[in-house]
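S.K.: Below you'll find the structure I mean.
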Amino acid sequence: RWGMSLPLVVTAQVDLLLVLVSLLAFWTRLSHLNYPNAVVFDEVYYGQFVSLYMKRVFFIDDSGPPLGHMILAFGAYLGGFDGNFVWNRIGAEYPSTVNVWSLRLLPALCGALCVPLVYLLTLELKFSHLSALGAAVLLLLENSLIVQSRFMLLESVLIFFVLLAFFSYLRFHNAPSSWLILSGVSCGAAVGVKYMGLFSYLLLLVVASLHTWKLIGDKTISHMNVCVQSVHRVLCLVVVPVLLYVFWFYVHLSFLNRSGPHDQLMSSAFQASLQGGLSRITRGQPLEVAYGSQVTLRSSVSQPIPCWLHSHKVNYPIRYDNGRGSSHQQQVTCYPFKDVNNWWIIKDPGRQKLVVDTPPRPVRHGDVIQLVHGMTSRFLNSHDVAAPMSPHTQEVSGYIDFNVSMPAQNLWRVDISNREAESEVWKTILSEVRLIHVNTSAVLKLSGVSLPDWGFRQLEVVADKLFKAHSSSLEWTVEEHRYGTSQEQKEREAELHSPTHIDVDRKISFWAKFVELQWKMLTVKQEESEHKYSSSPLEWITMETNIAYWLHSSTNAQIHLIGNPVSWGVANLSLLAYQLLAVVYLLRRRRGLKDVPDGVWDQFVCLGCVCVGGWLVNFVPFLLMDKTLFLYHYLPALCYLYLLSPALLEHAHTHLLSSVTHQRALCVGALAVLLSIFLTYRTFCPLTYGSPELSAHQLQGLKWRDTWDILYRRR
């Protein structure tokens, strides 16, 4: 006998509204994705990083972590992109060898998935399917979101992960299940795409903390269960995102193992870990600096352009322009190029030898040394003479004996500042060293000031009192290093001119690279100039600004980042209405008047925490930022308001309007607004998709605000 009865029946529930809005979202975001076949706005920026990924060349982007770049690069990889395209200008045509559709596919998919996610998120906030449909339609017909998701840009990816994080968390909260781990993963991904994702993540942590606090106060749950649930939340919402954040960098640094244009931003140790570039020069160098070592000393603070301790056969002028006198000894500077005059020899003050002993005698923390300039044999010297450009500090020179009662003061004590992490022995690349002048206790320092023409515009090196100077400007790293074998000057010069390459490898740990890269991303800001389409956050709310993303080279076809003005206005009204209503409710509740039941009040508060809170954390930080901002930075905040609008309308319909006539009037008004949103979407479609081409007169008709910059050719 069979163990089961026939026929087998499968029952499935399909939300046709969800299917419909999903299909429409895919159609609006993915149709004709390879048009235009040219570089659009910030594709010129992200494309450079995608090309570097394809070639596995290291780069640093100070605007965000690497996950977003990895997602874009994965899309390019799926289309067979080899990285051989020069992203040098907006509007440049893509060649036939570049699969434009695959470059833009993943952002478009994320943009499309945001629409059903908003639908599901509204349901998890315990509002009706009609409200969920309203939120989905607002997102579906938002022209700016469509534009931003149809190109190789990251806002749609960020919004997708943020919405997914909130949806999965609320799904877990409403019906505890395994959704919490997905929420943690989504939080880690959102922060991994752009640092702005951090603010939504922190908001979610606040919401989760409030829910956990409420859980702890629930006496129907055992102590053990409370502990288990609390630990579960911490693991999923704190530990998992942190581990994922580190993991994105692990993949990034493992994959990008070749030297590239951004190497110079990083330390010598970091550069030496990359294939090519500095690693070709430093590979196989002796690790321990010894007496007789020939070294180049790179300043740790010389960023973003590196420079090396340098001297040459030119003296300081007898008198400076301001009449001050100098020692007239040999100039010592910091030079931002590789040069044979960057080489110095570590000498034992008690011996004449300039070659390394067998076995080598390593230099240790606290040792007193002399530094001899390789090409001129002058000793590194300092004395109580004011430096040329920084008169509050001491001059540093190559000592020349002019018999003018100015004795040599050329002893320097080695102070290894990171010896606890590395060792007491001075090591190539790894040790960060301060050179303390024995006679005056001043420290060798890069002042960063450019010398005048007599100093060839090289950077000034001074000796400064330790307690005055900032630590990072005092540290020097041995970058190139070899053991000297020539005692005679002529032979030594020939040795210094020869290459140092030996074919051996040296690595630094992932954690050292991770910490350094984090610090550089937060502190080294690449040059930013004011952009034609930059804007202030207050201009975003009223949409006083737009961005021309692409303009056809010969016709009026063009694409602009312009929002749907009607839905933009609805979003602003919803934000204002919620805040006013919340104030009224709070005041009345304080007086003991409960206008809505506790369950409805909790729902109203949760809506405000997620939607108004989401808008605040994604908008207010921009008011405090000192950086070039664009309209697209507002899109994550806007999505929260589109989530708020239909839910607030439902709340008003159900709990504020008791008259059937008023409720019907509200429904008619809502339908009229939805119709006008659709008509506005259709009106701006030519600027959203770049087709059909409009005449100059038609384009003028779309300039609804005088501040919009819509371009057209008169014919």
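Backbone N, Cα and C atoms are what each Cβ position is placed from, and that goes for glycine too.
What TrEMBL records for 286-349, 360-417, 422-481 is domain 'MIR'. The transmembrane segment feature in TrEMBL is assigned to 7-27, 67-87, 99-121, 127-146, 153-172, 192-213, 234-251, 566-587, 599-624, 630-649, 665-684.
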S.K.: Based on DSSP, tally up the residues of the domain 'MIR' (422-481) by helix, strand and coil.
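M.R.: Its residues divide into 7 helix, 29 strand, 24 coil.
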S.K.: Quickly jot the same-chain residues contacting the transmembrane segment (630-649) by Cβ under 8 Å, restricted to those at least six beyond its ends, or write none.
M.R.: 114, 118, 121-122, 125, 127, 130-135, 138-139, 142, 144-145, 148, 153, 155, 158-159, 162-163, 196, 200, 531, 533-535, 537, 539-541, 543, 545-547, 561, 563, 567-568, 570-575, 577-578, 581, 607, 610-612, 614-615, 618-619, 622, 666, 670
S.K.: Compare 99-121, 127-146, 153-172, 234-251, 566-587 by their Cβ pairs under 8 Å to the transmembrane segment (599-624) and return the stretch that comes out on top.
M.R.: 566-587
S.K.: Three or more CB pairs closer than 8 Å, sequence separation of 6 or more: does that hold for the transmembrane segment (153-172) against the transmembrane segment (566-587)?
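M.R.: Per Cβ check, the transmembrane segment (153-172) does not touch the transmembrane segment (566-587).
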S.K.: Looking at the transmembrane segment (67-87) and the transmembrane segment (7-27), are there 3+ C-beta pairs under 8 A, with each pair at least 6 apart in sequence?
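M.R.: Answer no, regions not in contact.
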S.K.: Could you give the residue numbers and ranges of same-chain residues that sit at least 6 residues beyond the transmembrane segment (99-121) on either side and whose C-beta is under 8 angstroms from one of its C-beta atoms?
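M.R.: Distant Cβ neighbours of the transmembrane segment (99-121) are 17-18, 21-22, 24-26, 28-30, 33-34, 37, 43, 47, 50, 71-72, 74-76, 78-81, 132-133, 135-136, 139-140, 145-146, 148-154, 156-157, 159-161, 163-164, 166-167, 170, 639, 642-643.
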S.K.: Okay, the transmembrane segment (234-251) and the transmembrane segment (127-146): do they have at least three CB pairs under 8 Å, pairs separated by 6 or more?
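M.R.: Counting Cβ pairs under 8 Å (6 or more apart in sequence), the transmembrane segment (127-146) does not reach the transmembrane segment (234-251), since there are fewer than 3.
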S.K.: Which of 192-213, 566-587, 665-684 has the most Cβ pairs closer than 8 Å to the transmembrane segment (234-251)?
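M.R.: That would be 192-213.
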S.K.: In the domain 'MIR' (360-417), how many residues does DSSP call helix, how many strand, and how many coil?
M.R.: 0 helix, 26 strand, 32 coil
S.K.: For the transmembrane segment (192-213), what are the same-chain contacts with Cβ under 8 Å, counting residues 6+ beyond its ends?
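M.R.: Beyond its ends, the transmembrane segment (192-213) has Cβ neighbours at 63-68, 71, 154, 157-158, 161-162, 165-166, 169, 173, 183, 229-230, 233, 237-238, 241, 244-245, 248, 606, 609-610, 613-614, 617-618, 621, 633, 636.
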S.K.: Report, as numbers and ranges, every residue of the chain located at least six residues beyond the transmembrane segment (665-684) whose Cβ falls under 8 Å of a Cβ in that stretch; write 'none' if there are none.
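M.R.: Same-chain residues near the transmembrane segment (665-684) but 6 or more away: 134, 137-138, 141-143, 562, 564-567, 570, 649, 652-653, 657, 702.
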S.K.: For a three-state summary based on DSSP, what are the helix, strand and coil counts in the domain 'MIR' (286-349)?
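M.R.: Split by secondary structure, the domain 'MIR' (286-349) comes out as 3 helix, 30 strand, 31 coil.
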S.K.: Give the mean pLDDT for the domain 'MIR' (286-349) on the 0 to 100 scale.
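M.R.: In the predicted model, the domain 'MIR' (286-349) has a mean pLDDT of 85.
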